[in-house]
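**Q** Handing you a structure now.
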Amino acid sequence: MSFQTFSLHQLGWRPGFAQHLTLEDFEAGYPARVVGVHRNGLSVLSSRGVATVVLSHNLESAVTVGDWVLLEMDAARVLRMIERHSLIARIAAGTGQGTQTIAANLDTLFVVTSCNDDFSLSRLERYLSVAFESGVEPVIVLTKSDLCADVDGYIDAARTIAADVAIVAIDATSTVSVGQLARWLEHGQTVAFVGSSGVGKSTLANTLAGDDTQTTGGIREDDARGRHTTTSREMFALPSGAWVIDTPGMRELRVGAVETGMNTVFDDIAAFAARCRFGDCSHEGNAGCAVEQAIAEGQLDARRLVNYRKLLRESTHASNTLKERHDRNRQFGKLSRDVQRAQREKKGRDY
Ligand SMILES: Nc1nc2c(ncn2[C@@H]2O[C@H](COP(=O)(O)OP(=O)(O)OP(=O)(O)O)[C@@H](O)[C@H]2O)c(=O)[nH]1
Ligand SMILES: [Mg+2]
Ligand SMILES: [Zn+2]
């Protein structure tokens, strides 16, 4: 236990959160912000200071860094999670279809990529879809500008897929350069850095923090791939009073259900599709399709359409899996209610 305490305001509390809390909630507990999730519990900050609290089994997979929880008044125990205003998540890497939460209650998602071989428009579209889906403002951060002879080329390329998104090129090792991000890093704001390994997320976090809290690593010379230096997520304060969540580099961001977010990122494709004269068109190569025509006329990049389709397939698959799970749970719920009723009736007969 440390004696440093934090006001709700300082921790990024939003008035909207209180709407989800009842008078009973406020009598039973107090809000705390989750800054770390560990095997043995949560690290939290609150008006009562820094603490480690145990997590009941049913919340174990749900709570993530940036979340707000209600702590029991006189015990280091989580009563419940407070509804989030935003959540960044992905489908867990590997074969399963489980959702992996990355960060909650963000104001800004810094999508970090370098001005080198890591840069990929399709990957940016992927990250932007996730950000827009969750209602978090994305900012594209292009690192290693100091090592690149054509920074403007990268900025221009990024702008072709994200006309309304802020794009900032920085040298993550330079305090002056990272100052360009100041307007997203005001007191009480919460941001997260996501991107491939080695792009400089932790370097940027350290430069902003003015210390070396985050371990950083090199990249492989041949393909600019990182070495997965950061292995866990944690949230910490900057001198400005903003909260930063550094995350481990991702090899791939498999998207969950992001169709809403995709409509923002791919609004051009949506507009062409709306103009398509075939009502039930899948826009997958039909003669006379407006989307196909846009490609033929050079108004739409073929790469972009391919990526759109790929993301849409992933998103649809995720929605279907969710729906199936939901239906299964409902059926299971009905089954257990039936069993319970049968047991009650049997009991009634026995006595
Ligand atoms: N010159 C220069 N080097 C940078 C910049 N950003 C990062 N680096 C270097 O790139 C390497 C990788 O940086 P990290 O900060 O560890 O990358 P990361 O994104 O945190 O990587 P993971 O933790 O593996 O996901 C380090 O050697 C950094 O010093 C930059 O803007 N300019
Ligand atoms: Mg790192
Ligand atoms: Zn069509």
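Positions of Cβ are set from backbone N, Cα and C atoms, glycine also.
Automated prediction, rather than curation, is the source of TrEMBL annotations.
For reference, TrEMBL lists these features for the protein:
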- Thr143, Lys144, Ser145, Asp146, Gly195, Ser196, Ser197, Gly198, Val199, Gly200, Lys201, Ser202, Thr203: GTP binding site (BINDING)
- Cys276, Cys281, His283, Cys289: Zn(2+) binding site (BINDING)
- 95-253: domain 'CP-type G' (DOMAIN)
- 104-251: domain 'EngC GTPase' (DOMAIN)
- 210-229: region 'Disordered' (REGION)
- 317-351: region 'Disordered' (REGION)
**Q** What's the CA to CA span in angstrom from Lys201 (GTP binding site) over to Cys289 (Zn(2+) binding site)?
**A** 42
**Q** Considering only the binding-site residues Thr203, Cys276, His283, Cys289, which possess a Cβ situated under 6 angstroms from at least one atom of ligand 1?
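**A** Thr203, in sequence order.
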**Q** Can you tell me how far the Cα of Val199 (GTP binding site) sits from the Cα of Cys281 (Zn(2+) binding site), in Å?
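**A** Counting only the Cα atoms, the answer is 40 Å.
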**Q** Within the same chain, where does the region 'Disordered' (210-229) have neighbours whose Cβ lies under 8 angstroms from its own Cβ atoms, ignoring anything closer than 6 residues to its ends? I mean 6 or more beyond.
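**A** Contacts with the region 'Disordered' (210-229): 114, 116-118, 175, 196-200, 202-203, 236, 239, 246, 248-249.
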**Q** Which residue, of the binding-site residues Thr143, Thr203, has its CB surrounded by the fewest other CB atoms within 10 A?
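**A** Relative to the other binding-site residues in Thr143, Thr203, Thr203 has the fewest Cβ atoms within 10 Å.
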**Q** Can you grab the distance from His283 (Zn(2+) binding site) over to Gly195 (GTP binding site)? Cα atoms, rounded to a whole Å.
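**A** His283 (Zn(2+) binding site) to Gly195 (GTP binding site), Cα-Cα distance: 31 Å.
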**Q** If you count other CB atoms within 10 A of each CB, which of Val199, Cys276, Cys281, Cys289 wins among these binding-site residues?
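**A** Top count of Cβ atoms within 10 Å goes to Val199.
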